[in-house]
Amino acid sequence: MVGVSQNWERLVRATLKREQLRTAGQGHGRTPSGIAGAVPPSLSRATNIEAILQAADEIQAEDPHVARILCEQAYSMAQNLDPSSDGRGVLQFKTGLMSVIKQKLAKRDGARIDRGRDIERLWKFYELYKRRHKVDDIEREEQKWRESGTFSVNLGDALEMKKVLATLRALVEVMEALSKDADPGGVGGLIMEELHGIRKADATISGELTPYNIVPLEAPSFTNVIGVFPEVRGAMSAIRYAEHFPRLPADFEVSGQRDADMFDLLEYVFGFQKDNVRNQRENVVLAIANAQSRREKPAQADQVEPAQADPKIDEKPINDVFSKVLDNYIKWCKYLRIRLAYNSLEAINRERKLFLISLYFLIWGEAANVRFLPECICYLFHHMAKELDATLDHGEAVPAPSCRNASGSPSFLEKIIRPIYDTMAAEADRNSNGKAAHSAWRNYDDFNEYFWSPACFELRWPMRSDSSFLLKPKKSKRTGKSSFVEHRTFLHLYRSFHRLWIFLILMFQALTIIAFRHMYIDLVTFKMILSVGPTFTIMNFIESCLDVLLMFGAYTTARGMAISSLVIKFFWCGLSSAFVTYAYIKVMQEKSGKNSDSLYFRLYILVLGVYVALRLVLALLLKFPACHALSEMSDQTFFQFFKWIYQERYYVGRGLYERISDYCRYVLFWLVIFVCKFTFAYFLQIKPLVVPTKTIVHLRFLHYSWHDLVSRNNNNALTIASLWAPVLAIYLMDIYIWYTLLSAIVGGVMGARARLGEIRSLDMVHKRFESFPEAFTKNLISPRMKGVPFNRQAPEVSQEMNKPHAALFSPFWNEIIKSLREEDYISNREMDLLSIPSNTGSLRLVQWPLFLLSSKIFLAIDLALDCKDTQADLWSRICKDEYMAYAVQECYYSIEKVLHSLVDGEGRLWVERIYREMNNSMSEGSLVLMLSFKKLPLVVQRFTALTGLLIRNETPDLVRGAAKAVYDLYEVVTHDLLSPDLREQLDTWNILARARHEGRLFSRIEWPRDSDIKEQVKRLHLLLTVKDATANIPKNLEARRRLEFFTNSLFMNMPPALPVSEMMSFSVFTPYYSETVLYSSKELREENEDGISILFYLQKIFPDEWENFLERIGRGKSTGDADLQESLSDSLELRFWASYRGQTLARTVRGMMYYRRALMLQSYLEQQSLGVDYSHTKLLTTQGFESSPEARAQADLKFTYVVSCQIYGQQKQQKKAEAADIALLLQRNEALRVAFIHVEESGGADGKKEFYSKLVKADINGKDQEIYSIKLPGDPKLGEGKPENQNHAIIFTRGEAIQTIDMNQDNYLEEAMKIRNLLEEFRGDHGIRPPTILGVREHVFTGSVSSLAWFMSNQETSFVTLGQRVLACPLKVRMHYGHPDVFDRIFHISRGGISKASRVINISEDIYAGFNSTLRQGNVTHHEYIQVGKGRDVGLNQIALFEGKVAGGNGEQVLSRDVYRLGQLFDFFRMLSFYFTTVGFYVCTMMTVLTVYIFLYGRAYLAFSGLDRAIALQAKKLGNTALDAVLNAQFLVQIGVFTAVPMIMGFILELGLLKAVFSFITMQLQLCSVFFTFSLGTRTHYFGRTILHGGAKYRATGRGFVVRHIKFAENYRLYSRSHFVKALEVALLLIVYITYGYTEGGAVSFVLLTLSSWFLVVSWLFAPYIFNPSGFEWQKTVEDFDDWTSWLLYKGGVGVKGENSWESWWDEEQMHIQTLRGRLLETILSLRFLIFQYGIVYKLHLTGTDTSLTIYGFSWIVLVVIVMIFKIFTYSPKKKSSNIQLVMRFMQGLISLGLVAALCLIVLLRKLSIADVFACILAFIPTGWLILCLAVTWKKVVRSLGLWDSVREFARMYDAGMGIIIFAPVAVLSWFPFISTFQSRLLFNQAFSRGLEISLILAGNKANVET
């Protein structure tokens, strides 16, 4: 046992040492070292063991004895708390702690320890520690701060103070524990006296160490000045407990060192959790404080000292917060026509308002998953507010009856939330992890919509457990849905957007009639056009039938009025369609067809007119903006009845109208589209088919090549259908083409009007830099800063040169340049050249950055040397380059200023004389006569020698050298530069001559010490020494792009910036699961199979940034990876450098924290402008802004960043690297907060788990400090993971706005400076309603990695810029398409949150926030003067998975109630915009592919039946003109031309026309059309499959760097069913068409007609290999073939994954077919393959002209025989005896011989040709696939028949065949080495154009040597 114990101790010591090495250098704060970082949660929650051990580590170096005492006390506390070590990790902790104690004892060298003197030693150390760290002074400083309200402690002192107080508190706790056994007359008495004093004045210690989030409300903090702000103090005072409030019980404890407030009463009455109360207390305080901050500072409550009086909050801020928070509740009450819980806003005082605000937030904060039910929260609030009202009217507080549990104490969570949660959890269990039908269970929307009816009050209060709402589902019986059922069917597309389909069909019908009448309009034509009436009514009736049908599942629970409306509408539409159709038939039956006076005709016109008029009136009342308000106000029964019939009344979706100007804009937009679309449709689609159709209809006695079943004697209906079907398909989708074209034009014009792309190159930045300061001051400087005083020595020059603006601009610009340097985009030299001087000195002109002025002096000297003209001519030539003129002027004035500061006495007189003479000469125009310009280079040489000395630190030798340099300069200027006359005057000047003879001239130099002079000297030196042209500064493309966009945005329209103290407060919110946080050293160096590591890849992709990184950390360019590993700090910096170039959480956190840095900078400079406590600093300096207490507090008041790391708790328990990396981010970013779900075992017999939502930050020791811990009713993940993750953590956000940021995004300091402007858009005029979501532009930063990444980047950029620009205005249908939009926080949290979470249906959770916002009368806008970075997928497989995820999400949207309601409730034109920008895009994409199928199957029918040849021979008409138009349109959509149109327009707008053309040509050469065609297949497959079968899910795409080769088998698994099978089917159709079809023009006509189809086949089959790195390298090809065959032949089994075995993969591919409906649909769709065998058997030479059905029957017999033979050959008996094996081989041999003989006989006797053999193969392959599809679809039946093994082998053979077909061309091309080289160039062209070494990357980082 001793040996085991010793081994364990050694293990612990080694682990601790590793932990210390691992955490060394992390963050700016102190990290938990030694055993302090390993305290189990069970111990740390109950005691301060962790703090005591941390204090021991802190004082180890000062006094090891005391450190040992603290460790022993910690061990004693752990032993007392858990003596048997039952808790998780307690035994290991105790063992480790004992090991540490033994180590400390071992250092005593065996000396005996007298523990009896421990208390005395501890007391002496305590006194010494207090004196050393001046703790008494800290307490006096705190008292002074409380009295005066001023703050003078800097950040470093504040952090050190916190550490001192933490250590002191630990010492006090240990002394208190040990003093119990001490002598009361000795040290014990002193300790007790000290403890008594500490308890009396404990505010300092506890205030600094009490955990808090932003505002220290529990105890005042000396190091956080946010509590000093008047608005915060006023808000805290506003919620303070008043005397007239109900009395709290005497035993009620008020937490912390604060006074009781309203929240304490609410906690006591309703039983809210303490941490929920603490959380919402801060939330309400900040909400009120920020509302007040936009007004004047709150007035003092009493006429006493300002620091002692509490300011008073105005009435309006409280009213504003009250109205916004309870806005949804007020609307809910109005909708249900019930009284508010309070009478009116005017009837209640401010205290009641604050109580109601607080109550609402407390309910919301503890509601957990119920937060997704906003109207349920309204219901809870309604009743609890009444209970609160009753409580406030009583003198004593009592617990509310509704929340009281069995013990009598209240618990809101247990009594109110848990019953609702349990019901929702029970329903969620029924969804079978997303596999069950949506109609089988109630989702979040169903629960919420229960409260949209007055029937919800049947739930009563307290809630009845037996109500229908809380009814838990039973196994055999489903609970009814609310008012909508998400049945999985394509019919939702018609139901939701029936107005679109009716409109298109009616227009098609009318245009077709006109075309068949040859545009001859008469009464007959008019009567025929009137047939649209029956069509319209019938289609409306179909829609009403769908309403009735698709409501199945909700009839038992839906509102009676809704069902009544449905039934009445059904009968109304049915009767009207029957009557109108009957009337029209009668009209057409009348003999006098040309007589307009017939009774039926007049009756029909009357009925149709009334019907149309009624529909128009209702449409106007409900959809037209000007009439909508009138219909809303009208209470007439007539209006209400017809509104009720016309559309169902929902709580959401009311008031979906825009103001008339916006309405007219989007109506005009669609009218232009209609004109183009229908003109094109009429002349190029419909009209060309008229003559062929008439001809074919009248053809008789056509010869059929097969046995015709349906086509005879029906006017060749199937032929007509095959001709018109592709035309109709394109007609239904080509409106999207016109939409794309017009939106690109409109978007381009709007972008140009918004001044996008004005600055699109570095040259433009140079040319327009002079105008940047004024534009910056106008838009980004608050009014508070614009009044900064400046040195006005030369007002006329300053005004002319824009000096005040430059002075305001310079600190911000320099911080931007500094951030670029910190990010390693620029070098130190580039930073010096790009920085702009402060412009606040005495120099009389604006000083521009050196990158504008460098080398200009030398060019000016060259001009002067060549000058043979006058001074005016020379100056005119210099002024042609304005920056050259600036450089000359600055050089002239700066030299004077520098020389004047250096010398005194006679030397200063000389300087003044020289400049006086030159100024006089310039004014007289005689400078060319005064100076000898040829000597200017010599003068510059002498002066640069002087500045080269002055820029160094002062030493005696340098001073002497500078004096000599000045004298040399004097000699050159006096005797070489000046004219002889002036030279003589100076030589004879007595004062100067005497000083020169006496040696006093320039003998003493005043070394520059003033910062202004130092800056001038350094700048002059650079100006006179940098000779290189700086036109390409900065060199880095990303730095250029950022500066170009930022400077361009300065000229765009944006709201003016308010001071930081008055801006809107906001939060940034990032959900995180388990993605990469920070690359580890191992990950950076780990090589893939090609020998490529991430670090090697990044060094080659970003070579300039790598060099800048090495320069920043002080390393040389030749530094290797191993050298960096030697330094812990450099190694950590390397990890961050690499992580900042990937899609990591570290990159996102750094980017978002720029908001805080920008706000601190802006606040700091605003305070300087007001002269707030900065008199000792230089005007407008940014030095120290990050450590300014006021600036930091102001930024924290306005900005919060919460990262919701859902499983962070589990990651910590499992010691995962992600947890350590997140902790590191917390340490480096003090304002960062991390929320996570903590899971605890309850310890009960049932083994249930308890879930907590926690918020942590880093404490002063760098360890997680828990701020809030709120218990949840259960597992929060009932729905989709990401929205549930957001929901649990959103309660920790603050502010009026919230920006949703994904964890693969980035931000930049220069963009963060514009956040104030963006937030002001919430108060801007953007329509009839204020904005609720602000859309923000994105920049995709992954576009430079490869050509695929570039395609994806361009496609994404065009959507998030031009596309969303048009959606927001003029179309007014922009939704929320992900991140980084900014939400109105209060609006959304009171309406269900920022996403929806129901399982599967809300898989694309983000967009539902936009739907919800729009339905609830929100307004979504888009703004492009600010942008954030966004990472996208860079490999084809990643892109395909992403496209599949989005397409599946859109498939689910088709089924959703949100899309249905928007489609129904939008006006017609806005509905069109909504459709084509959401699900309509995917419908049109699918129609593009379906058009190919429809065309080819139609052609196959004509070819097989022989009608194409028969018709062509008889009529010569097949309508090829229309088909050409159709297929051309389809082809252009297929290859992505119309996807590229907005992209090209964006290129033109932001890059210029020439670059746009080059970019488009480059994309085409890189086969972007192949990529877009392939993406078309991806979207079609996943969208269609989702609607048919479901299966939409989150697909992890991976966000790494993709340069590795993807194996053939992996690509085959991913694309087999989505692309390969479909491509081979199309190829089969094309082969059939070319083999049996007839084309009048021969092969050329065939190629033209089928070009797009062949292109689709090639793209779908080979794109994964074309875009696969090293896809055509021979060695890789060989390895891929081996891997693929191994995978194909490997047997599956339990636990074997699909990537390892074909059998397992094949089983996984069938999982989507789950329901009977799905099986029937699959069966119907599979029957199309029968046409191949049926058609081909009649085309064989063997069958001749025989068309009897016997031929087809015989072909099935042959197929059965083939299958049986296959079964025999593949039969493998379970008992493999030698006899059976011999028999089987003998039978197989006989059968083989028999087959050969039979084949020979048939060839000889029956004319069977070789072509027939191949034709039979062509016929049987599709039939075999049909059999396979049916077998898979009806798997259970086939398995019961014992045929499943045969089916599986049959399927394996098919997959083997398909694989060979695809693999063969790849293998052939791999033989040629140049193909692989070409592919690398194709894939990585962007990298080659930037001089990157992709060839090295693909070859790997391996030494090419023999071993």
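Don't overthink the numbers, they just go from 1 along the chain as shown.
Backbone N, Cα and C define each Cβ position, glycine as well.
Taken from TrEMBL, the feature domain '1,3-beta-glucan synthase component FKS1-like' covers 351-464. Residues or ranges marked as region 'Disordered' in TrEMBL: 20-40. What TrEMBL lists as transmembrane segment is 500-520, 566-585, 600-622, 663-684, 728-752, 1474-1496, 1531-1554, 1644-1667, 1720-1737, 1749-1770, 1782-1804, 1853-1874 (among others).
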Per the 3+ Cβ pairs under 8 Å rule, pairs at least 6 apart in sequence, do the transmembrane segment (728-752) and the transmembrane segment (500-520) touch? yes
So which of 566-585, 663-684, 1474-1496, 1644-1667, 1853-1874 is most in touch with the transmembrane segment (500-520), counting Cβ pairs under 8 Å? 663-684
Which residues, given as numbers and ranges, are at least 6 beyond the ends of the transmembrane segment (1720-1737) yet have a Cβ under 8 Å from it? 706, 1497, 1500-1501, 1503-1505, 1588, 1628, 1632, 1636, 1713, 1743, 1751-1752, 1755, 1759, 1815-1816, 1818-1823, 1825-1826, 1829-1830, 1833-1834
Are there residues at least six beyond either end of the transmembrane segment (663-684) with Cβ under 8 Å to its Cβ atoms? List them, or say none. 507-508, 511, 514-515, 624-625, 657, 731, 734-735, 738-739, 741-742, 746, 1369-1372, 1467, 1469-1470, 1472-1473, 1521-1522, 1525
Three-state composition of the domain '1,3-beta-glucan synthase component FKS1-like' (351-464), taking helix and strand from DSSP: 82 helix, 3 strand, 29 coil
Compute the average pLDDT of the predicted model within the domain '1,3-beta-glucan synthase component FKS1-like' (351-464). 89
